[in-house]
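The next block holds one structure in the form of structure tokens; read it before the comments.
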Amino acid sequence: MSGLTLDDILSAMDEASVQERSSDYKIAVLVERSSIMERLEVAKEFIDETTYANWNHDDELKDQLADIDLVFLECRLIEGIKDISKIRQIRSKRPQMPILVTSVNTDPEFVASIYEAGATDFLTVEEDIRVIFSKIQTFLRMSKVLSLVEFKNEEVINTMQTLRRLQSSAKQEKVSRILAETQRDFAEEAAGINQQMKEILDHLNEAFFFVDPQLQVGDSTSTACEQMFGTDIARQYIGSTLNFKDPEIERHMAMALDQVFEDIFPEAVSLSLMPKVVETQEGRILDFTYTVVRGRSDEINKVIVVASDITKTHHERQELERQFQENRCIMNILRHMDAFTDFVADFKGQLQKLRSDLENRSQVKHILHTLKGNSLVFEIYELGHLIHDTETLLGEQDDLELAPHLDKIESCLQGFLDHHKDLLDIDFRSNPEKTYTIDETDFNALDNLFKEVDAPRRAAWQGIKARLRHKHIGELCGQFEPLVKRLAKQEEKEIRLKIIGEELKLDLDPIRPLFKSLIHLISNACDHGIEPPYERLANKKTKTGHIFMRFLFVNQSLKIRIVDDGRGIDWDELIKKAVEKGFAGQLKDEGINRSNAYQILFWDGFSTASSITQTSGRGVGMSAIRAEVKRLGGTIAIQSKLGRGTKTEIIIPLYSLLKLAS
């Protein structure tokens, strides 16, 4: 009997029976970042009778965990390994207690190690305050249910088995009588526990249920299950029970649960494959959380599923994000109004150019790709996504009728300008005459007039004309800073752009198209070049990546140099990828080797990206830049060192710009 006496059993049962939890909750908080603590304090206001116990990450946890209902822990950036060890320590002492973890490091491998250590859920540091409140409230309620579940599944069952062994070996009538009475007491206790569980489950706002290894839902489900899923799911099988809007998601859930119960892969990896946020047929948005329950032999015998209805929060958050993005877009445009006015005029002209030659599909792809990039620079995402979808259709259907799609694209920009007309005051339908300091007609008349005067006056006029036409090159750079900020946030990187030489003055008209294409170089540096902070720190770099853009006049030429301190290009790997993508013949024809392998990057249709995204992957951005450089009579070259970074240098002869301007 392993030293277990009848008195021990009765004492344990008496102690367990009086452990009915009050409505007071205590949360252990291990947080250093003040912004997180502020959000927790706000969340606390919405949770009744809850107190925080503020601990340090370095505190030795001995008996402090006994009266804690939930742990909220910040996994720090530098001390991440130590904090993950702390999670393991907490989990070993309190196997069923919820542990919520947050961190600025959202790298998938790092988050996976947090789950593997025993975290119940992971939140980003910028998580919506309502989501934090909802998660805490859900898991606090769960903590009471889990303690009863643990008691029912372990203590009662183990004790009953021990009593049976005692009964089989009992020789005395007194012991038999005690055993019989004790069994009746245990039956009453078990019934009481079941009733407590039912009362708790009936009052939960969340859908709470168990799934067994046969993927069958258990008998104990919360009342909210029927409200959320539209049916009684008790004793039903996962796969076609939960009434998701997309039935394929529930089938995916069933396959993922199968993998969880097989227990071949790490628990965190298997759970990461489970659906997290799902829409039902009735339009509810449900947030799912999963907790594995293991038996004494460490086998998985249950998965606890909790679904919270976040429909209102989800829609409110979407609307807030939409309004925030729209306001940011308008503020960005107002800060760079000259550049945006040029964008609208260029957009209209490029659409006319497309309509005049729809059969030239190569030109269509180049123009659409550049228009999309410029739309996203100004954060007009609806327009950018529409062009992206048109690009995709164009790649799938050689005989695609383009005219209707161009009409939709034009209507989208026109609708945007109409909606914000009070602020932007731009009419897409009008054709304003291009102006300098004076009307262009008067300017040309003056120019013709001075052709007939003597040389000194003609020379003086040339100086005046240059001053009127020449503007700071920085006027064309307004789009780059917002682009880098957007891509850095999108890619979860830290990137800083430094522009040098903005004060240089020249006639900007000939180089405007080139600058519209340069967004592809900047995008590539952000997307492929600059590494995530954790990768840069591992390679002994600063966690912030840098992109330098410099303009200078050298030897009667305009030199544009773009340098990043990212991961660089592996030229051998680039050549290998070109072969894999079917460019072997072109490699041979152009005599490509390591010294001139950068030419591959300019080939029409070639891309190093593994998938097509809003940022890259179609293989037309770099070829568009080369086409513009060629039009200006210039050259472009790329140098790169693996692990150090990449430099792109464009040289445009000034006489070419003068010729084009005239």
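Each Cβ is built from the backbone N, Cα and C atoms, and glycine gets one as well.
Residues or ranges marked as domain 'Response regulatory' in TrEMBL: 2-140. Note on the domain 'Response regulatory' (2-140): mean pLDDT across this stretch is 77.
For 329-427, the entry in TrEMBL reads domain 'HPt'.
The annotation phosphohistidine is assigned in TrEMBL to HIS369. According to its DSSP assignment, HIS369 (phosphohistidine) is helical.
All protein chains considered, the CB of HIS369 (phosphohistidine) has 22 other CB atoms within 10 Å.
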